[in-house]
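Right, one structure below, let's go through it.
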Amino acid sequence: MTDRRKFISGAGFTSFTTGTGIFAIYFMLSSMTLAIPVITGLYNFQPYVSGFIIQAHLIGAVIFLLPAARIGDLIGHEKILCIGGFFFAVSSFLCAVFPSDMGGMGLIFFRFTQGIGDGMIMASSLVLLSRRWSPEKRGESFGLFLFSGYMGYIAGLLGGGTLIDLFSWRAPFLFTVPVTIITGICGYILSKSGTGITSVDKQKLDLKGIALFAPAIVMLTAGLSLIPSTNSAYLIITGTVLFIFLVIHEKRSDYPLFKISLFKNNRIFSLAILSDILYYSGIGAVSYLLITYLEAGRGLGSFDAALVILPISIIQGVMSPVTGKLSDKIDPKYISSVGVSLIFTILLLYSHIEQDTSILVITIAAAITGAGFAMFSAPNKNAIMNSVKQQDHGNASGIANTFEQTGNLVSIGIAAAIMTGITGESTSGSYTPDLLLKSIDIIFLILAFICLVNIAVILIRGKIKQES
């Protein structure tokens, strides 16, 4: 093997390639958190429309995570990473240039297509890192991967906030275009390195499973977002029924979209996945709520609001490689449980936030929140990927990322529903301060309860070395 091919097929180049992808995704995530209040006030969108602008990206990612992982098993995950990078770049450009007269639906649609690229990038990244890093260093690779993401999040808060204040909410979208083009190019180089590993058995794609899964996700998400509307109950019930049919179909399918057996025969995998969805359900709306509080409730600008919550990403980014590497030596459940306990404590603090709460207190709490995030994310990913065999890496990655994004959708859905129900059909620029604070306090209390349940789930699962 030549030095060039050895470099391209090595762990370092893989980490760089996947790192550029997650950097852009997290940059977009934090930038949109800052941009949403601006967009809502500029176009007088109602809260549920603003929620859908965020959720559309997540829905696109959730719908395509499992199919992307499955297709990656068949044709190579490097190719999926390549396609995802270019797809994200094109969609970001379309988000930036869409005509304002299209209204909220236009931006929602392009955010959805951007989410498709996100799903492809994330589904392939965990698999490639798992296969190109040795098992004893897998936690470290996930820590570095998340470090890239959190650096993107910080860049989105600072750079994205600055771009929004100086130019327009459209500017952050344009920034991600060249970054994800690099992801696509490097993914293409990886696919030509001759080291791609695909499924050992060339199976078919479960189109029926996808046809059941996609509308189920959309209906459940829409139902959560529209609470307390009467239509929400119909959507939630229909989505739940479709999920039941999906599980029945997957049990009978010769080529399932996701293997039910991974849950049935693997306690660690099942509880780690459950912990994942609880974690993201508990923290997915935290930044959105804090930014809304700071901008709409306290009158801070986008950049100033970003500075207040910046410690979340700084601490998370610095600690993730450390906690990931530590999870290679200590069972991940011990690290993750401490992390979620920290988050639970801070969410309780946030649930008592008031109009005159010290900005310093919020900033310190944000730093502790970041530490909690770092202590859960990389170790739990390590637990998931180390609990399955190599041939199941694609399936495990798709399932894990799907449940993560589903958790984010649930969290944002809860926040949007409660905020709409309490504040009414107002825009973020015209919230009644007392009602805004009341809704935020209730939401944080619910998220804290979810984290409390998660602590118990983490502690009851077994040790990886004993059961995997």
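Cβ coordinates come from backbone N, Cα and C, glycine included.
Over in TrEMBL, the protein carries these features:
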type	residues	note
TRANSMEM	7-28	transmembrane segment
DOMAIN	7-466	domain 'Major facilitator superfamily (MFS) profile'
TRANSMEM	80-99	transmembrane segment
TRANSMEM	105-129	transmembrane segment
TRANSMEM	141-164	transmembrane segment
TRANSMEM	170-190	transmembrane segment
TRANSMEM	233-248	transmembrane segment
TRANSMEM	268-291	transmembrane segment
TRANSMEM	303-322	transmembrane segment
TRANSMEM	334-353	transmembrane segment
TRANSMEM	359-378	transmembrane segment
TRANSMEM	399-422	transmembrane segment
TRANSMEM	442-460	transmembrane segment
**Report entry** Folded-back contacts onto the transmembrane segment (141-164), same chain, C-beta under 8 angstroms, at least six residues removed
**Finding:** 11, 15, 18-20, 22-31, 33-35, 38, 125-126, 129-130, 133, 171-172, 175, 302-303, 305-307, 309-310, 313-314, 316-318, 320-325, 374, 377-378, 381-382, 385
Report task. Take the transmembrane segment (399-422) and find every residue of the same chain, 6 or more past its ends, with a Cβ under 8 Å from one of its Cβ atoms. Result -> 46-48, 50-51, 54-55, 58-59, 61-62, 65-66, 69, 119, 122-123, 126, 217, 220-221, 224-228, 232, 258, 262, 273, 276-286, 288-289, 292, 381, 384-385, 435-436, 438-440, 442-443, 446-447
Query raised in the report: Residues of the same chain, at least six outside the transmembrane segment (80-99), with any C-beta under 8 angstroms of its C-beta?
Result: 17-18, 20-21, 24-25, 28, 68-69, 71-72, 106-107, 110-111, 113-114, 116-121, 123-125, 128, 170-171, 173-174, 176-178, 180-188, 190-191
**Report entry** Interface-richest range of 7-28, 170-190, 268-291, 334-353, 442-460 toward the transmembrane segment (359-378), CB pairs under 8 Å
**Finding:** 334-353
Query raised in the report: Does the transmembrane segment (170-190) reach the transmembrane segment (105-129), going by 3 or more CB pairs under 8 Å (6 or more apart in sequence)?
Result: yes
Requested in this report: Would you mind giving the whole-number mean pLDDT across the domain 'Major facilitator superfamily (MFS) profile' (7-466)?
Outcome: 83
Report summary line: Long-range Cβ contacts under 8 Å made by the transmembrane segment (442-460), restricted to residues 6 or more beyond its ends, are 271, 274-275, 278-279, 281-283, 285-286, 289, 333, 336-337, 340-341, 343-344, 347-348, 350-351, 353, 411, 414-415, 418-419, 422
Query raised in the report: Is the transmembrane segment (105-129) packed against any residues at least 6 beyond its ends, judged by a Cβ distance under 8 Å, and which are they?
Result: 11, 14-15, 17-18, 21-22, 25, 28, 39, 49, 52-54, 56-66, 68-69, 72, 77-78, 80-81, 83-92, 94-95, 98-99, 138, 141-142, 145, 180, 183, 187, 190, 381, 385, 393-394, 396-398, 400-401, 405
**Report entry** Beyond the flanks of the transmembrane segment (334-353) by 6 or more, those residues with Cβ under 8 Å of it
**Finding:** 275, 279, 282-283, 286, 289-290, 293, 323, 326-327, 362, 365, 368-369, 371-376, 379-380, 383, 437, 440-442, 444-445, 447-448, 451-452, 454-455, 458-459
